[in-house]
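A short worksheet on the structure shown next.
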Amino acid sequence: MEGLWMTNPVKQGLRHLVRHETLWTAPLVYLLFGSLVRWAVALHPYSGQNTPPQYGDYEAQRHWMELTINLPTKDWYTHDLTWWGLDYPPLTAFHSRLCGSIGSMIDSSWFELYSSRGLESMGSKLFMRSAVFVSEMIIYIPAVLVFCQVQYGSKDIFQKHIGAILIIMQPALLLIDHGHFQFNSVMLGLTLWAINAFLTGYYVWGAIFFCLSLGFKQMALYYSPAVFAYLLAQCFKNKQGLILFCKLGITVLVTFGILFSPWLGSLDSILQVIHRVFPVARGLFEDKVASVWCTLNIFIKIRQLLSLEAAVKMSLVATLLAVVPVSIQLYLRPSPYRFLYALVNSSLAFFLLSFQVHEKSILLPALPVTLLVLEDPVAVRLFINTAMFSMFPLLKREGLEIPYVATTLLWNYLLGDYPKSTLSTLRNTINVVYAGFIGWHFIDLTVAPPEKLPDLFVVLNAAMSFTGLGLVTPLGVGVNHAWQNLLKSQCGIVSLSNTPGFESLPVRIGACVPQGPKEQGQFTASEWLDKGDDRVMAKFTQFAIAAARQALEDAEWKPNDESEKERTVRVILFFFFIIISIMKCKIVN
């Protein structure tokens, strides 16, 4: 078990329970520990705390409870949109109504129409924090435990417990929901229930849960290409696939019909709900986000050059180019692990390339990434740490610096050290990335940005979270070649009718990486890999290494000898101790 290291503290704790014949208490122990950490984070500020007139996400969630318990459903998406108008799908509204109804039974003043706006009493804050905690415990946490039982229950006795605690303690979701304040765990929990159902063959139940996830937050669409491809494969590759196809279609229609039923009586009403849920008028990106467009905007002023309609089309085409090839591959060769990796690809492509992305949207790719923590711990560690770094400007605005440091370090500690087989080159590469993060934090703590560029450090954070670019795509190998072909409206999908090995397949089209010399934007393994590696590596691994090498070149990290690599490690340690010292001084003062 490569991912379960001897130095992993969770495994050591589980062995202690085994020696005392109390392993059955493990779920109780880590659920109590996770609850303690969540409430410790909840003691810190939330979005918009004491910042009138509009406050922040906390007030938005509280106001939706006020709105839904005091007004008829037909007014939920039209009433006073200037004050945190409802802009999430109906299941969020119904959930808000349930929470508001329970809260009003305790103290009706918390959700009185109009007069409760901006309310921040101690009792109401405790109730709101409790609503997030209970929602997570009812929906998300059981889904995590079931996933770990399904995936690892029949394997090593420790795996399901290690996986569960690492997923439960994932710091990004923990900080956004219990610190910043949102209910993302409900959407992600419903998605995870759908994944559990798909992996165990309960496709209709999975469709219901995924529709509910979409009905809670529209961002669950990030997963839809992978879900669609996986279910389509089950429908057309099984003997009773047509029956399953009909069942799934009816299930989707009925589920969405029930969710939207209060507004189906009027075309204007349903259009207003859709308009509120998909606010295209806000623009390509609203905040400084670690996406392709925000990063490119540093050099090419996309917002000024493109109209709103052109920006929508550009982001749509780019997103489809990123998700379609993997979706086709998943359809042709469906498997549980390909499904999980396709979820990562789909959600990450939407985060990096789609329209109107927020910093918090990184939580969507973070879910399937975290589910793979025991399969690919090195990559998952890097992704989660980068995700945390990308959210720091948001967390800093809310005063969540200390929970940010504490939860990130705690999760890395629980994950343990690198596996012994991790290549030194890979370690050094990752350490350089972390050195950049730590260096940015040091500058952010000690240096004020120029008056003319107040968002300088935030933009740098977005660009650094994006790091370097490397592309191996059907449109070409290399950023320049792929981008130029995209601008020329070239299509990477080709016919495979005359390609050996595809004659018997029902679908004979595909998105193939062009083969040929590197300088022409094509792929030849010997130009990217060490001699002989192409004979022992799968093709997708070869593509990944080529893309990674391009990204390193794009990031301009080129240590040439061992001394430079050792110097990088010393820089990491130097900045680490400086930041810890500064944080200690802040705590003391």
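Cβ coordinates are placed from backbone N, Cα and C, and glycine is handled just like the others.
From the options 219-237, 314-332, the stretch TrEMBL describes as transmembrane segment is 314-332. Residue ranges 280-301, 368-389, 456-477 are listed, and TrEMBL annotates 456-477 among them as transmembrane segment. Between the transmembrane segment (243-264) and the transmembrane segment (188-208), the number of CB pairs under 8 angstroms, six or more residues apart, is three or more, so the stretches are in contact. Proximity of distant same-chain residues to the transmembrane segment (188-208), defined by a Cβ-Cβ separation under 8 Å and at least 6 residues beyond the stretch ends, is recorded for 136, 139-144, 146-147, 150-151, 173, 216, 220, 223, 227, 230-231, 234, 244, 247-248, 251-252, 255, 336, 339-340, 343, 363-364, 367-368, 371.
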